[in-house]
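Feature annotation from Swiss-Prot assigns substrate binding site to Thr10, Lys42, Met74, Arg88; the stated evidence is sequence analysis. As annotated by Swiss-Prot, ATP binding site applies to Thr10, Phe11, His18, Gly89, Leu90, Arg91, Glu99, Trp124, Ser125, Phe126, Ile127, Ser128, Ser129, Ser130, with the evidence given as sequence analysis. As annotated by Swiss-Prot, site 'Transition state stabilizer' applies to His18, with the evidence given as sequence analysis.
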Amino acid sequence: MQKRAIYPGTFDPITNGHIDIVTRATQMFDHVILAIAASPSKKPMFTLEERVALAQHATAHLGNVEVVGFSDLMANFARNQHATVLIRGLRAVADFEYEMQLAHMNRHLMPELESVFLMPSKEWSFISSSLVKEVARHQGDVTHFLPENVHQALMAKLA
């Protein structure tokens, strides 16, 4: 039986830190679903369709990754995808409290759903989509932090 994992997030936009996490997850699980949340309350810069397309291109080299947009409750989405593992990235101690709350809630809603926390490589440990967008808005060079297709899309959005 295949071990299916979900790596959810808003990915607005997907960064090299996200790519680092999903790449390592592909070595641990048979099938990884990169689940892109609609998250309208976060007022994303990119539409859900744009974020899905950007992530598909950025992960095309990873054969066991499927990119899917979703707007459902995570536990329901995981159940519908027949996934029993939820991948979450932890950049800093500050992330842990929030992620622990989410993990407990998801376990309450779907007891068989395990949360697995991965720390990004040191090179990406301070990167977030929000920070990258903020630096780019002020003409800072964010080339190093984004896949090339995402960098081009971000620069076009900000033009």
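Even glycines carry a Cβ here, placed using N, Cα and C.
Cα proximity to Thr10 (substrate binding site) (within 10 Å) is found for the following binding-site residues from Leu90, Glu99, Ser125, Ile127, Ser129: Ser129. In space, Arg88 is the closest of the binding-site residues Lys42, Met74, Arg88 to Glu99 (ATP binding site), judged by Cα positions. The secondary structure of Arg88 (substrate binding site), as reduced to three states from DSSP, is extended strand. Cα-Cα distance from Ile127 (ATP binding site) to Arg88 (substrate binding site): 15 Å (rounded to the nearest whole number).
Most Cβ neighbours within 10 Å, among the binding-site residues Leu90, Ile127: Ile127 holds that distinction in the structure as shown. Around the Cβ of Ser125 (ATP binding site), 14 further Cβ atoms fall within 10 Å across all displayed protein chains.
Comparing C-alpha positions, Ser129 (ATP binding site) sits nearest to Lys42 among the binding-site residues Lys42, Met74, Arg88. DSSP assigns Thr10 (substrate binding site) to coil in the three-state reduction, outside any helix or strand. It is Ser129 that, of the binding-site residues Lys42, Ser129, has its Cβ surrounded by the most other Cβ atoms within 10 Å. For Ser125 (ATP binding site), the nearest neighbour among the binding-site residues Lys42, Met74, Arg88, judged by Cα separation, is Arg88.
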